[in-house]
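Annotation source Swiss-Prot lists Zn(2+) 1 binding site at Cys60, Cys62, Cys77, Cys80. According to Swiss-Prot, the feature Mg(2+) binding site maps to Asp503, Asp505, Asp507. Residues or ranges marked as Zn(2+) 2 binding site by Swiss-Prot on the basis of sequence analysis: Cys875, Cys950, Cys957, Cys960.
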Amino acid sequence: MENLNRKKAIKIELANPDTIRSWSHGEVLKPETINYKTLKAEKDGLFDERIFGPTKNYECVCGRYKKANPMNKGKKCEKCGVELTESIVRRERMGHIELEEPVTHIWMLKVAPYRIAAILDLKAKELEEVVYFVSHIVLEQGNQKHFVEKEVLDLGSSRITKTREKLQLTILDVIDLINDPNHRDTKKANRLLEELKNTAVPFSIDEATSLISKYTGAKFGIGARAVEYLLEKVDLTKEIEAIKIQLENSKKTPNERTKLLKRLETFDSLKRSKQRPEWMVMRVIPVIPPDIRPIIQLDGGRFTTSEINDLYRRIIIRNERLKKVKEMGAPSIIVNNEKRMLQEAVDALFDNERKPKPVQRKNKRPLKSLTSVLKGKQGRFRQNLLGKRVDYSARSVIAIGPDLKMYQAGLPREMAITLFKPFVIQWLQDHEYAENVKIAEKMLLQNDPKVWEALEQVIKDRPVLLNRAPTLHRLGIQAFEPKLVKGKAIRLHPLVTTAFNADFDGDQMAVHVPITKEAVAESRALMLGSSAILGPKDGKAIVTPGQDIILGNYYLTTEEKNAKGQGMIFSSLDEAFMAYDSGQIHLNSLIGIALSALPEQKFSDKNQRLNSYLLTTVGKLYFNQIFDDNFPWINSNNIWNAKEAVKEFIYYFSQDINNVIENIQVQQPIKKKELSLIIERYFETHGARKTAEMLDKMKDLGFSFSTKSGTTISAGDVVAFTHKYDEFKEADQKVEQITDFYNMGMLTNSEKKRRIIEVWSDVKDKIQDELATVLRKDVKNPIFVMVDSGARGNISNFTQLVGMRGLMNDTKGDIKEIPIKSSFREGLTVSEYFVSTHGARKGMADIALKTADSGYLTRRLVDVSQEIVVVNEDCEPSKGFEVSAIIDTKHDNVIVPLKDRLVGRFTFEDIYDDDKNLVAFANTLIDKNIAEKIIMSGISSVVIRSVLTCDNKRGVCQKCYGLNLATASVVNIGEPVGVIAAQSIGEPGTQLTMRNFHTGGVAGNVDITQGLPRIKELLDVTTPKGAVAIISEVDGVVSEIEDYNGVFVINIVTENEEVKKYKTEFNSVLRVEQGSSVVAGQKLTEGAIDLHQLLEFGGIQDVQNYILKEVQKVYRLQGIEISDKYIEIIIKQMLNKVKITDGGDSDLLPGEVITIQNYKEVVQDCIVKSIRPPLSKAQIFGIKKAPLESSSWLSSASFQDTARVLTRAIIKGKEDKLEGLKENIMLGNLIPAGTGLTGTQEVEQLAEQYHNNEY
């Protein structure tokens, strides 16, 4: 059913005085708020009940209507005039203030691009001087020739002499016009002339201008009234025509053209939106409803009030004072001063912070004006509209819940009873334990046993949502079925901690209760903890077991020769388990089990079943119990080919088991990597729910056997290692030699440093290798077990424990040349400890900075891509996107192999190998097998479907997007892929380094920024720091390279025999040599490319490929895998606008920025009508700028630059069609994604199905 409350669009415009009066319920005349004795609102004041409505429902202010009676609705009290209605109207009824003098709106005057100045073609500074009563302006030229219309008479600066001269000349003309030396005005004119000639003598400008006006018809003005007069005279149509003629004049400089285009945009916007420029000057200002700016009584009888009330009071007081001053007939200087103060008071109300001297409180803090209420993190948009507080939520510390199933979370009983209170009360009433709500509440207070029964029943039907801040990706909120637990901590399943990035060292989590039927169904069908097996950023399992679970399964699958019970053969699983339970065999003993006792689906060869046994251990029997019968038997760490690998462990009964054991090598246990592979493979064959069930069994096994393994760690496990001192001796000699060379001047400082660092790095590597060998000999050493299994720690930690700590970083992040020779076991000396503090401290500071930086990056990414949603199945695009392996050309190593780029995408066209054999049809989903086939065929590049070439007007289609990595199936219609892309790029942001990796000044290498700063540089499209590459503007051949002492000049000859010269910076590293052929956009020197240049010379496709390659390079270097498609979505948003260079015969204006889709529509329309189509130029916007260019003004205003975005939207009279997610959230609509787009029917059926099954 269509939601009738759903708002379709929202429009913003300038309000004209009549509109403001029509909104108003009365004029506010007095600055009073409430009476200090009666605490009632003052009549005609800022809280007057006659204007804004009653403070209590259906009660008037005088007491005549005391009892709240809804029957009186709509009546007015005969005595005090208050309308009897609900008090809620005080949140919506507005008042107004009639201003004694017009004032300009500060946004239109002072927010760049200064709109009023643009309309009047004045400098913003001059216009401000007019508005604030510093300078006069010419309103009408009359029949004098010295002053032109709109000229500003500047009396405050160096231009005063010029103004004096012009006034003298004009007054001389006036004397000629009077033509009577004895006339009173002639004498006045002569006196003025004398005053004007002597620059030290002051003169009255008012006197001079009134005299000139009297005889020449010229008009002068000052203040907002003058501005209003000029704006009223503006004829929008004539102005537009005039500017178009000026633009055709080719002699204009680029700056002049830009200024003209800005003016043209303003005039055109006003004309199209049917608004008048004079509305930018206000004669009436609205007073917002009183409940939005309340006055609140504090304890002790004092009051606190919203600061907006103070700003309104100042306006009313000054307005009244201006009235009085006028009535008294005060001199113009006093009147003008009052007018200026009124203008400033209105400015303070609208945007106090923009004023040079904001109105301050006693504590020197500026008062919060209407603009400050809107903008920033604490503003209306971000604080109240995009994120709201909810009614049913709880928060507590989390603790591990090892006995929970993957779909469960433990809720403390007290927390649950409070959260589910309304449902418990309902249940008690339905089951007739309580007659009404009051009795039920009493039962709750008294802890009646029935209450707990009710709670147990209620929670069966309602999952809860658990959230851990910061919510960096969609798995930061998951749904669980609640299970009541004792204590006050929320219990969390150990395997979901990775997704939440939670640990149990005091982390807290929030609980939310889905209330409506649809919300409950969505939680169950889409968000249950047991369905979140894969991480969205790379499609790899995110629920990988860690620590004790790995340790337990490692111990379980270890094989040991000569252990108790070795060589026994069992006829059934139960027999083997009984033998283990009774202590006859060791868990890791090599034993045989009859093949007939095991499920036959697990083995490929059926014939051997009756006369063979499998060589294994009891541990592996337990381990294989957790998989179902269709999953191959795991007997070694060959997981991908397990069914074949198991064959080598099958022997005939005729072969003596003890001989067999003697002649074989023990198998490696199952480690962390193998467990991950098992989970991925299980997910592929069994789906999410079955995998969750298997994981729970794996967890139980892991915990159980890590306990039984009795792994401990003590100083005795840390082997002593004395061999290192020989290495140190040798290294010290080398260092001494290097220092001698340096002292003799044979090495530079940086070379010395580099060589010393190399010496110590080699020593540490040597010690590490030797230690690894020593450690491997003792297979049962608990430290080795932990490192080898992947449960905790690595060999480098062990090296620091017993070998040496090695080289440390200094505060800049560079490596120090003093090594730490001690290990932790020996203990560090004081100086060594001091050396190691720098790096550690920098690490902590970096993490804090990085978290904030990475969070802000995510916010900007979400803002740029939030409107992208999957809207249909196939857009049938005209072109595809060619991909090949991403290779770092400098070091010639593969960054992203082709296979990774193909899996999960659709082909665009049929793919053939070199022998013209068909490998894959067009529009086929490429899975691992097809990708493997493509690679084996020797194909190096493939044209695939991509979001970059998707032809949808809004959003993308299923085939251009491909697989949803979180579910490993084709993406659903309604999936908000833009937000997921932003989260997938932003979430690993905290793992990126803050460091710009510099090469420490080593010759021949170019400094390249990396880590988070490089990502920001690419996505914000800023000029790269460090070396900027020179790129070729033309196709051609390098004819010669001239070398002028390290500065090169590269000559490129084009096909037309033109020579293009490029001069490099000193000591640049060249990427071309003589005879190289180059294409436009190709690098000639090392360094980062400026994206604006690349777009201009190379084109859109080059930019797309470059950003994709560079972003992948940064993430892959840190070992983070991110799917191409996410980066493509962001690139699509950065490049989806064009700038009109020539409007042709369309309605588009030069300089206008529109989306490529809209541009294509206009062009097609022009072709159909046979008129000249517009011309355009591709644009690239960084992720800071792109959201501000969004078609939705609500979304842009809530991002950044609120005042500027709103001003622009107002001038255009923009209508927001509510197509993105943010704008719908703000208006309380369902978002146009997921079930908000497709309806909840399917999800409700799914939820019903899941509710009946366990997982």
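Placed from the backbone N, Cα and C atoms, the Cβ positions cover glycine too.
The model shown is predicted, which means the values in this text are computed figures rather than measured ones.
Features as recorded by Swiss-Prot, highlighted on the structure.
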residue: Cys62; record: Zn(2+) 1 binding site; DSSP class: coil
residue: Cys77; record: Zn(2+) 1 binding site; DSSP class: coil
residue: Asp503; record: Mg(2+) binding site; DSSP class: coil
residue: Cys875; record: Zn(2+) 2 binding site; DSSP class: coil
residue: Cys950; record: Zn(2+) 2 binding site; DSSP class: coil
residue: Cys957; record: Zn(2+) 2 binding site; DSSP class: strand
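The two recorded residues, Asp503 (Mg(2+) binding site) and Cys950 (Zn(2+) 2 binding site), have Cα atoms 41 Å apart.
Distance from the CA of Cys950 (Zn(2+) 2 binding site) to the CA of Cys80 (Zn(2+) 1 binding site) is 66 Å. Here the CA atom of Cys77 (Zn(2+) 1 binding site) lies 64 Å from the CA atom of Cys950 (Zn(2+) 2 binding site). Here the candidates are the binding-site residues Cys60, Cys62, Cys875, Cys957. The one whose C-alpha lies nearest to that of Asp507 (Mg(2+) binding site) is Cys957. A 10 Å cutoff on Cβ-Cβ distances gives Asp505 (Mg(2+) binding site) a total of 7 other Cβ atoms nearby, all chains included.
Close to Cys62 (Zn(2+) 1 binding site), meaning Cα to Cα within 10 A, are none of the binding-site residues out of Asp505, Cys875, Cys957, Cys960. Applying an 8 A CB threshold to same-chain residues 6+ apart, the list for Cys875 (Zn(2+) 2 binding site) reads Cys950, Asp951, Asn952, Val956, Cys957, Lys959, Cys960.
The binding-site residues in question are Asp503, Asp507, and the one with the fewest Cβ neighbours inside 10 Å is Asp503. Neighbours of the Mg(2+) site: apart from Asp503, Asp505, Asp507, residues of the same chain with C-beta atoms within 8 angstroms of the site's C-beta centroid are Ile398, Ala502, Phe504, Gly506. Report note: the Zn(2+) 2 site is defined by Cys875, Cys950, Cys957, Cys960, and the residues of the same chain whose CB lies within 8 Å of the CB centroid of those residues, excluding them, are Asn872, Asp874, Pro877, Arg945, Val947, Thr949, Asp951, Asn952, Val956, Gln958, Lys959, Tyr961. Compute the center of the Cβ atoms of Cys60, Cys62, Cys77, Cys80, which mark the site for Zn(2+) 1; besides them, the chain residues with Cβ within 8 Å of that center are Val61, Gly63, Arg64, Tyr65, Glu78, Lys79, Gly81, Val82. In sequence order, Cys60, Val61, Cys62, Arg64, Tyr65, Glu83, Leu84 are the residues of the chain that are 6 or more apart from Cys77 (Zn(2+) 1 binding site) and have a CB within less than 8 Å of its CB. Across the binding-site residues listed here (Cys80, Cys950), the residue whose Cβ sits among the most other Cβ atoms within 10 Å is Cys950. Shown are the binding-site residues Cys957, Cys960; of these, the residue with the fewest other Cβ atoms within 10 Å is Cys957.
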